[in-house]
Structure formats: structure tokens, C-alpha cells
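These notes are about the structure you will find just below.
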Amino acid sequence: MVRESLRIRTRQEDSSPISDLHGQTTEDAIDLDSSDEEVEEIEVEEEVEEREEEEVEQEKEEAEDVAELEQLEIAASQLLELSLSLSLSLSLDLDLEEEESVSQKETSEQPETVKKSEGLSLDSEPSLDEEIESEKEEFPVETPLSKSEPEKSSPMKHSEEYDLEEMIRGEIAASLDDEITVIADDTLDSADDIAIVLVEPFSDDKKFLRRKRRKSEPDQKDPKVRDDEHKTKKKAKPSAGRKNLGSSHSDSEGDTELFVDALDSDWAGGQLTEQTSAFNLPNFPDVIEIESESEESVAPKSGHSTESAGIRLLYNSSYDLSDLGDKTEVNLDTVTINELVGQKDLVETYQFNFSVDLEYFLSFLHPEFSIKRRKITFITGGPLLSGHPLENQLRKKFLISDVVASLPNRFGSHHSKMMVNFFEDDEVEIVIMTSNLTQLDFVGLTQTLWRSGRLKKGKTSTTLGKRFRIDLIRYLSKYKLNVTDALLKKLEHFDYSSVDVELVASSPGVYNLEDPKPKGEAYGYLKFRQCLKRNNLLLEPEKLSHNILAQVTSIAYPYATKKGKTSSIFTHLLCPLMFKDWDQLLEPGAEASQQHQRENRYKPHIVFPTAKEIASSNFGFLSGTAVHFKYTTLAIHEQQYEQNIKKYLCKWSQGTQTGRERVTPHVKYYACDNGDDWKSLKWVLVGSHNLSKQAWGYPLAKSKGTQFEVDSYELSVFKAGKEKPLIPVYGSDALPAKTTGEAIRFPFVVPPKPYLVRDQAWSADVDFGSLNDRWGNTHHGIF
């Protein structure tokens, strides 16, 4: 009997050292300004010693928690992967038999391998080493102060698979078709029984949560024809009998202890119990339908001329679950996953990401990719193939490999999300995005990406192109891996003249805290500062009043505290560094940041979804697993919320302009207007950076203001509005009539709408009582 259960990954992205705040009173918190004249030297030394003793004790406790969590991860993973492997292995074997005969005819084609290049360069363009060497005297390169060798294995496992439907009850059909439907059978009495699902064949015009790609060319039907067909298709209906459909999608700072606590009390005999679920979701659809055109067709266009390159929205099919909108209308000028990796001429791809559902993502590749043994490489923060239940089948079907990025500590993560896709005719496209490679990310969340467009080999002639090229190569060199070294050698010889953005990267390390030179190497918040400075975009308070915006899906705890007063990444670090006169850090607390706002004439805005917005989204509370903000669990969280966050919170959705109002965000946007009340923007930054010290970096108190540390890998793109003002556009990539400037696609409206008094920011830790999501479910917090 074949068994399969729907599943979804829980992830601890950007994990932060929460425990260094546990047990502290407000009087014991970190004093960032250790040089304060009012504090005597002996008191500072005693405080540092006391702090170090606390950190040692807390690290021991954390290590015990992590060890416990890893044991639970192994047990849960083995249980779930066993049932999954039995069903999907048969599916893969059927494919292999069908394709073996085809591949035998092409034995002359050898598998493409990645080899470390030895000094390859074009005569028309100097090598990277030569370029950097020529710049050293005039522009010294920023280098990490600590250069430890990368570990060969991940210091911790970053993901665990939990059952999407809390192990749905049922029986398994003995046979599988090319594609399957998963239907729940609520017949078992015990909540602790290991549940299984019924697998049945279904028609070709629909695809469901766990799908297998067809062996046909992508559907190229006219959007109008597809739309007409869509109207006749049956919608997924909620099941009144469904219980505890729990899931978690972590993109957060410091959620490790959350899952440890939840599992400690609810794990019994190797089985997941009802209490393990963070959500009470009795009324979610039995099957989430994903129709074939939602993944394989080209997204409809608005009719105006638009290039493929630039900041774009990812296609989203979640409106199929409701009558709240038409998926064609809300997807004008969007990009499908098929457009990125499903093309027939894709010959090799590198996937940098945090979380990957291997079987699901590989289903998007064109059949030629597998048949011709073309290479795919994953670069993540933890092993993907090792120990995977389908490892042998996947290696036989695909020329696949994975490497693990070295992380300095368990609080950092490999959060970068980038595709490097090589095509026939010596072309490459670079894609920097906000999406993980999972189904919840593709279907249930709002995602943004930037595309370079296809680049050809040649010499880069533009300033922005040269900057992007060298910054990308420098970033890849930080991995210190053979795979990334070989990749950067290949990328060195392409023409980046068409690229009109700058790369803002974060890479783990300790760096000097000083303004970087125009061509110097920089990471984290100093790289952001460098982009503003060398594009002449630093603010001058005496000229205009500005609005500064951060739209994120995770808000971490403060990077420093002092006697109950907190320093937050946005209000105390990112906003101040945007000004020309930035020479010292603000003191912790609301008073310092608000005084800085008054003196420099700007207003911060933080766009973050409310609990009601999560509840009314197409996926309801299930999508809330992708949005993280703790403001009730610890005193330090409450203090930051009251001092530096609450006042600036703005809603995600307004009206129906963007087509993403009911799709929970996973995008990250930062922007500043031109002092014209949001009519145009000076710059926009889009990518993976959330509001966390691991992502942007943070000053090291012991260095007395001379060093800062970055813990995570991150990638974003910075778009400057120098020659033309940047104009936010909604619903399509087209500029409004009689508007001049450059369009920037936004999934939310600016100016953002502030929270009302009754609005609550979404947090998985909060009990929202009788609030129902659109499926009739309630959420009562993690604990």
C-alpha cells in the first residue's frame, strides 16, 4: 500500500539569538554607548564581565535546546519522508523508464560539469583580479577582520518538514496516475493516529498541491481563451469536517525557541499530536487546486511595451480559491516560474535560496533539461540531497548537486534568493527575488523579483553595469567554495551594460565601521550607505521633508538596549544613515529617534499586515506562517514595539488597485520619496533584507564604534531615480496616462495607510480570539 501525506516546510530564517535577551531585566540590558562620560570605567568593566558570564550560561541553554530540536527534526523527518518516498518513487521510476531510451540515443552528449576556471579572460576586458589590483591604491577594499575557513557541513539544520494537514486521515489507493489528487478522509477517531491520504487520478486540466509536470510543451493559449476556460472550472470548496490543518512557513528572526517549546510539550511516541499545530484551521479546502495554466503559461500583458528586465511581480494563482478577483486581471505583466526556469534552451542553472522543495521545484524544468543531463546546482544553508528519501531517484533523473554555505554561528542564515540561469547561445540571466522555492511561496504569497534580462558575452561599458558586475563577483567570492569560484569566473566575461540597478549584498563577517570608498567593497548597511552616497542621493534636511518606508515580513528584536530603551534597525540605523551628516549612532529609546526625525524633517513608515489582513487573505491564517513579529513574548519585544514600531505601522492593503491586497506579503521594499508627498521616489530597494540585525549588520559595542558584524547572506537590488523620477504603479507595469518617469511595480499602495486604533499587527504568538479567517478558522497563538 502506497502512502503519501501533503507537507510544507517550517523554516527558521534569519534565526537570532533570542536567548541573549532571556532572563534580563531592563537594568541588565546592553549599554551601547560604553564611552558615556557619566559611566565610570570600573562600572563598565563590571557590566561587561557580568554580560559575558550571562552569555556563556545562555549559550549552554541554547545548545541544549538546539540538540533537542535536532532530535525532534530527525524523528519527524524520517516519519514523513518514508511515507512520501513510497508514493513519489514510483512516479519517478515511471518517468525514468520512459526517458531512458531517449537519453541512450544521445550518448555523445557528456554531462556538463562545473570546473574551476584557470585565468579565463577576454582580450577586450581585464580579469577581475587585474581590476581589483588596479583599484587597491586609490580605493582600498573592505575585508573581513575574521577570516575563518568555511565549514564543510552546515552548523545546524535549517528546516524541518511538518505535515501540512497534521497528517490527514484516510486510506491510500493502490495505484498512481501521472498526476494525483489528494483527498482527506476524516474517519479515524484518535487525534494521535498517524494520518494518511487517499490518492486518486484526476483530469489533465488541473494540478494540485503535489503535482508532476506534464511531458508537453508549456501551454501558450491566448489569455482570453484561458480566462474563458477558467470561468467554467470548479472552485475548491471548504471542508467543514477538517480539523487542525496546521502548518508553518518561517521567514523570521529568532523563532527557534518557539518550535522547541511547542514540540517539547506535544511530542509523544514519535507522533505529532493535535497540540503541535499553531493554528486551528477546521475549514480549509480539501484540495488546493493549481491549474496547469497558472504554472505553465505566459502571464497576460497589459498591452503596452514592457521589457522583461526590471522589478516585476511573480504570477499568483491564489485567487482561484475565491470569488474575490480574477486571476488574469490581477496578474498583468507578471512573471511565471516557467518563464524563469521552464524554457527549452536552459542549459544550466544555479539556485541560491533558503528553503527548497526539491520535487516540486524540479517539476518546472523543461523535459529536455533532464533528458539531456543538464546541470542544476543548489546553494543553501543546509544539505538538500543528503538523506533525502528520493536522493537516488533524483540523482538518476537529474544531473543535480548541492553545496552548503558556511555560516559563522547558528543565528545567521543563508537568506539570499538568486537564480543564475545559463541558456544556449552563450546567454545568462540573473534573477534576484523574494521567494523561496516552495509551493506556499509561489502560490500563497506575494513575491517580487528583479530580472537582468538575457546577457551576452562582451565588455561592460556603463558605470552601473561595471558596479553590478564587480559587486556580484565579490559577493560570490565570499562563499569560498569551488562551485561559486567557478561560477564567478564564468560570469566575469558577460556584458552587464544593460543593468541599471546596484547590488546590495550582506555576507557574514566583521567589518570596519567607516564610510566605504566609492569603489570599495562593502556589505550590509554600509553597502546601502555606499549606494546612496555614490548616486548623490543622501538627504539634506534643510531642503525638503521626506517620507521613508520599510515594507517587510519580519521584524526582529532591537540590536541594542540601555536601561529599558531600545535601538531598532529601522529607526536608529537605516533612517539616520540616509542623511549626509551621519557620524554617530543614536542613543537607544524613542526620544533620540524622534528628535532626529524632527531635526531632519522626515517621517518613517513600516508597512506590515494586520491580523485582519492575514485573516482575509486568500489562504487565511495559513499564510500567516510567512510573516513574523514578536511584540508580546518578552519585555524587550514589548519595549521595542512601544518605542520604535507601533507609531509607524501601516496597513498592507488598500482598495483593489494592486491585485495583491488579499495575497499575504513575502516581499521586502524600502523607499524614499522626493519630498513631494509620494508622487515620485528618489530610490527603491527590493530583495531579501528584513528588519533584522543579522540581515543588515549591527555595531559591535566592544569595538567602541569601530566595527560592525553581519551574520547572514542577503541579496537586494537598489534602483536609483537619478535621470528620471521613479513612479509607483499598480496592477500593471504601465505608467498612468500623461505621466513622465520610470515605472516601478508596487504590490501595495503609497502613501501607506496608518493603522487605526483597533488594528493589531499580525503575530503568530498572539491569540486573536473569535477573529475568523476567510475559511472560518481561528488563531489562538502558538502556546
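Every residue, even glycine, has its Cβ placed from backbone N, Cα and C.
What TrEMBL says about a protein is an automatic prediction, not a curated fact.
The active site, nucleophile feature in TrEMBL is assigned to His415. According to TrEMBL, the feature substrate binding site maps to Lys417, Lys668. Feature annotation from TrEMBL assigns compositional bias 'Polar residues' to 15-27. As annotated by TrEMBL, site 'Interaction with DNA' applies to Ser692.
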For Lys417 (substrate binding site), the same-chain residues 6+ apart in sequence with C-beta under 8 angstroms from its C-beta are Phe352, Asn353, Phe354, Ile432, Met433, Thr434, Ser435, Asn436, Gly687, Ser688, Leu715
Could you state the CA-to-CA distance between Ser692 (site 'Interaction with DNA') and the residue listed as 'active site, nucleophile' to the nearest Å?
-> 12
Fill in the CA-CA distance, the residue listed as 'active site, nucleophile' to Lys668 (substrate binding site), as an integer in Å.
-> 13
If you count other Cβ atoms within 10 Å of each one's Cβ, which of the recorded positions His415, Lys668 has the most?
-> His415
Sort Lys668 (substrate binding site) into helix, strand or coil using the DSSP assignment.
-> coil
Please work out the number of neighbouring Cβ atoms within 10 Å of the Cβ of Ser692 (site 'Interaction with DNA'), leaving out its own Cβ.
-> 30
